[in-house]
Every structure is written in C-alpha cells, then in structure tokens.
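What follows is a set of notes on a single structure, which appears directly below.
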Amino acid sequence: MLDVIVFLGIQGSGKGTQAELLAERTGFQHINIGDLFREEVHKQTELGKKVQAIIAKGELVQDELVFEIVNASLTADCAGVVFDGFPRTLAQAEYLLKNYNVRRVYYLELNEEEAIARIEARRLCSSCGETYNILSKKPKQEGICDKCGSPLVQRTDDSGEAIRERVKAFYEQTFALKEYFAEKGLLKEISARKSIEEIQQEIINDLKTR
Ligand code: AMP
C-alpha cells in the first residue's frame, strides 16, 4: 500500500503550506482536494458542474465524489502522498485507512476566531494562482501579484456566510477525526501559531521516529 501523510486542521491553520513544503522535501505527491475541485469547476467538467454549488456554499462534497477525484489524481509512480484537505469525514477516514498505509496524521491546532481572521486575509492572484495573506504574506504592491503583476482577488468562499459554513462543517464533521486517529496512535498535534519553519522542522523530526 502507498505511504501517505495527512494534514488535518481548520481552514487557515496553514496545512496547505506545510503539506507543500513536506511534499517537496520527501518527493511525495501533494494532493489538495480543494484545489482539484476548483480546477474541475473552472474547466466546467461533469464533476465540476456537480460540485460547484456545494463548494460555493462552503458545504462538504459527497464522499463518493471525493474518492473519485483522489483516485483520478494519483500519479502511477509516486513514492507516496501528502494529503491536504482529506479526509474530512469519518467515512473518508475509514476509506483512507483501508486503502493506504498512513504513516502520520498532523493536526494543526488553531482557534476559530484566529482561523476566520486568517482566512479573511487570504488573497489569490487572479492569473497565476499565487497565494498571499494581507496580514502575514503581503504582496510588495497592494492588490498586485509579485510574480505576474495581475490583480489579487479573494476566493468567493473565503468571506461571509461561506466561511461560517466551512468552519461549521469542520467542527461538525472533521474535528472528530482528531480523536479517531489519536486512538490509532497516528496523531501528532502541533500549534499552528508557531512559525512556518518551526512547524516544518517539528514534522521532519517527528517523521524520523516513525
Ligand atoms: P479547501 O480549499 O480545502 O477549503 O476546500 C474547498 C472546498 O472543497 C470545501 O469547502 C469543500 O466544499 C470541498 N472539499 C475539499 N476537500 C473535501 C473533502 N475531503 N470532502 C468533502 N469536500 C471537500
């Protein structure tokens, strides 16, 4: 079975950043389910049309469609996978354990208030997709991408009702996975308030012991 490392955490906890860094370091494939769904919506594929309204509202996509996109995104010869945004429900967690060799689950801890403030500060380049944060990773010129000069925008589900819905989905459906993986001896909790480098180092040190 394929080796996988999982990142769990509320939106804004920095799991995407950590997953990307760890994938670079380990040579594992980085799979971000939210990005994959957004790409399908952008391309208006069959799957994209099915999930568009659900994502816009901030609700969770059905498990079967998540399994479909996970399977379709795996590259044949990858050494392992870093999952970011999967699993988010108990059924997804069970599916994961049945089909993969889970080496470790990292839970990045952040409270709801801080998470919402971080998400609302998130910006994205409308052209190349580079991500920014007006609190912690500002562009050199306000509202403009450093890399390609295009305007920065906010993801539509990063404000208002959709954020509240996403946070609600996290507490109602994903938070319980922390206990689920802890009972299986797979969980490592890390404070999301530490610096990006500190968190990454803690993960690397921890993986050496696994
Ligand atoms: P994210 O960018 O991780 O916040 O994901 C954006 C949206 O994609 C979520 O609000 C959900 O609608 C959907 N999504 C991403 N990952 C999952 C998942 N594992 N299960 C169900 N829906 C998901």
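The backbone N, Cα and C atoms fix where each Cβ goes, glycine too.
Within the chain, the region 'NMP' (32-61) has long-range Cβ neighbours (under 8 A, six or more residues past its boundaries) at 16, 19, 68-70, 73, 83-86, 88-89, 156-157, 161-166, 169, 173. The region 'NMP' feature in TrEMBL is assigned to 32-61.
Note on Arg166 (AMP binding site): other Cβ atoms within 10 Å of its Cβ, all shown chains, come to 23. What TrEMBL records for Arg38, Glu59, Leu60, Val61, Gly85, Phe86, Pro87, Arg88, Gln92, Arg155, Arg166 is AMP binding site.
What TrEMBL lists as region 'LID' is 121-158. Across the region 'LID' (121-158), the model assigns an average pLDDT of 94.
Per TrEMBL, the feature domain 'Adenylate kinase active site lid' maps to 122-157. Under 8 Å from some Cβ of the domain 'Adenylate kinase active site lid' (122-157) lie the Cβ atoms of residues 12, 55-58, 163, 166, all in the same chain and six or more residues away from its ends.
According to TrEMBL, the feature Zn(2+) binding site maps to Cys125, Cys128, Cys145, Cys148. Taken residue by residue with DSSP, Cys125 (Zn(2+) binding site) is part of a strand.
Taking the centroid of the Cβ atoms of Cys125, Cys128, Cys145, Cys148 as the Zn(2+) site, the other same-chain residues with Cβ within 8 Å of it are Ser126, Ser127, Gly129, Glu130, Asp146, Lys147, Gly149, Ser150, Leu152. A separation of roughly 14 Å, to the nearest angstrom, links the Cα atoms of Arg38 (AMP binding site) and Cys128 (Zn(2+) binding site). Among the binding-site residues Gly85, Cys148, Arg166, the ones whose Cβ sits under 6 Å from an atom of ligand 1 are, in sequence order, Gly85, Arg166. Of all the binding-site residues listed here (Gly85, Pro87), it is Gly85 whose C-beta has the fewest other C-beta atoms within 10 angstroms.
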